[in-house]
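**Q** Positions annotated as transmembrane segment by TrEMBL: 120-142, 185-204, 224-246, 267-285, 330-351, 358-378, 441-464, 476-498, 547-571. Residues or ranges marked as domain 'Acyltransferase 3' in TrEMBL: 179-567.
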Amino acid sequence: MPALSELDDFDLCLRKPDAVYCIVDLELLEDDTPLYQYIKNYSSLSYKNYKHSKLHRGVCGSQNCGLNLTHANATEITAETLKNCFNATIHQRYGLQVDSLSVRYCKTQNDYVPPDTLDYIVGVLILLLLLVNLGCTAYYYFWPPENGKGNRYMLAFCLQKNWKALKYGGNAEGGIFKGFQALRFYTMVMILGLHSMIFIGYGYTENPEFIENSYDDFFKALLFNARIIVQIFFVMGGFLMAYKMLVYAETHQFTLKTVPMAIVNRWFRLIPSVLVVMGLAMTWVPHLGSGPMWDAVVKRERDMCRSNWWQLVILMPNLFPFEHLCLPQAWYLGTDTQLFFVTLIILLIIWKWPRSAVPLLFSVMAISLLIPFLQSYFMKLLPIRVSIFPESIRDIFGYNDTFYHAYVSAQGNWAGYHLGVLTAWFYHKAQTKKWNLGESWLLKVLFIISVPVGFGTVLMGWDLHHREASVFESAIFNSLNQNFFAFAMCVFIIGYFYKCNKLYVGSVEWGPLQPLGRLSYCAMLLHATVLRTYGGQMRRSFYATDYTAIMLFAGIVCTTYLLSLPLHLFVEAPACSLQKILFGPKRPNKKEVEVNGNVKPGISSVSVSTVSTHI
């Protein structure tokens, strides 16, 4: 078969002043030749193979196809000239013909775009942010406050304080929630592994069979279905939100006014880091390099962010077409925000009518499982595992109904989030009733098998890449697969709280994992930009092997977390401190204590600010 993708040498081509380098996609003309029929049959297994009748090329048009600077604007004349050029070479080598050809863009020596007004505005704002951090840091370095007290607003931007908090954490991250930091880090590393494989699948890889054969490989198949590990984020999000609201409601009035307060508080916690990463993506990152794919992956994100920035500002990106998202990895924020709002209303109803807790919580659980089933059945969606197929990766999951409706939607992840809510309700009840679950042999057994069960759910649907699932089977899979994993994580969390197994507890309480877990939100926001800039500057096709894939994965993990450190210290940590100042702990008044009962020691410091769900 003709090579699926090829890149001519980018720098060698553009050495000449009149050189033109074009990125094109072309479709082969269907005919009765044995080779085309073989390509057609091979590509028909779309769940694991690329569409090999659709080829992708980076061609030095001036050298190989007679283009000149008049063709640089990618007009119809450019496309026709390149089509004739490829038609001749492909027919000569393979006996095939080109049916259609589209030009994405063409590059020349003089296509540099200088910084514009928005670039300078964003640059000045980020510089001011850095100066504020450095100024406050210097002030408290040379004039440390007496008795450890100082201006709270200045201390929010003090690097010494934020560095200490990153290393050792605060009360919210310590105690019973200490293990959550390690779970965040483990989850983020697995997601980076999946996205590294997607990067290889999207890029100009010389050996596409590496991706195609990965669906048959045990370890690589784990990565391709590692998307269910994001359920850990939803389980923890639901747990933290529900548990802290239950504790808050013990000593405070929980009314309808609490809902907008919690939403504004959450927005204030999440949006500063989003704005900085989005601002850099739409301004200065595109000026950091060049390459044959630079416009396709880096400048494309700039254009998407400049057009659709508001989708992120309102924290609802998952409601819009995935292929047009700015920072598409931030779909999680939209999904989590919607589930956060729905759960607030549910908890408010439970607080008003306590007897409704059990029937309401379990009714919502049933509904959250039923909706994905009905949606998959009537929309005839694929199993979610199969939605990450090679050609969909090529299209950045655009026009993939399964990915949009089942993977990134709120209803597709509601059950996992609500399982976290149920776990919080159960754990809070266990504390209230003083159940000694640490001595339960059943919980100890369930805790031990929760991890193997979690891995087992990743393997579910192993054979779905080799056959076509029925509509009913797909609906069952989409309703239960990721929620089995979420349930296993809920059992793990309860077992962890009661220290039912030293090995498991030690694996999530290891000291070095705590600061890495606190960097995970910044890592989530940054890692796709790191992958884009790496892929955009590649000059030649990428030859994938197990070794190069591991090195890519390790490099992306290290680079992402190194860049996450300054983002956390200069942006996220100050935002968290300001959040506590603005929405900070308030002791309940006398009336609230009389209504809600006696105040428990240490509980009065819990406020609506603690409701913020950390990724």
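Yeah, the Cβs are placed from backbone N, Cα and C, and that goes for glycine too.
TrEMBL entries are annotated by machine, without manual review.
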**Q** So which of 267-285, 330-351, 476-498, 547-571 has the most C-beta pairs under 8 Å when paired with the transmembrane segment (358-378)?
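**A** Per the Cβ under 8 Å count, 476-498.
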**Q** Given pairs 6 or more apart, does the transmembrane segment (441-464) have at least three Cβ pairs under 8 Å with the transmembrane segment (330-351)?
**A** no
**Q** Run the contact check on the transmembrane segment (224-246) against the transmembrane segment (185-204): 3 or more C-beta pairs under 8 Å, excluding pairs closer than 6 in sequence.
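**A** Yes, these stretches are in contact.
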**Q** Are there residues at least 6 beyond the ends of the transmembrane segment (185-204) whose Cβ is under 8 Å from a Cβ of it, and what are they?
**A** 5-7, 56, 58, 210-211, 214, 220, 223-224, 226-227, 229-230, 232-233, 292-293, 329, 388, 390, 393-394, 396, 513, 516-517, 520, 523-524, 527-528, 531, 534-535, 538, 541-542, 544, 549, 552-553, 556-557, 560
**Q** Cβ pairs under 8 Å only, please: of the recorded stretches 120-142, 330-351, 476-498, which one is richest in them relative to the transmembrane segment (267-285)?
**A** 120-142
**Q** Under 8 Å between C-beta atoms and at least six residues away from its ends: which parts of the chain pack against the transmembrane segment (120-142)?
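**A** Residues 150, 154-161, 276, 279-280, 282-284, 569-571, 574.
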**Q** Could you tell me what the rest of the chain brings near the transmembrane segment (476-498), counting residues at least six beyond its ends with Cβ under 8 Å?
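**A** Result: 176, 179, 183, 228-229, 231-232, 234-236, 239, 369-370, 372-373, 375-376, 381, 383-385, 402, 406, 412-413, 415-416, 419-420, 422-423, 426-427, 437-438, 440, 443-444, 446-447, 450-451, 453-454, 457-458, 460-461, 464, 469, 504-505, 508.
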**Q** What average pLDDT is reported by the model for the domain 'Acyltransferase 3' (179-567)?
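**A** Averaged over the domain 'Acyltransferase 3' (179-567), the predicted model reaches a pLDDT of 90.
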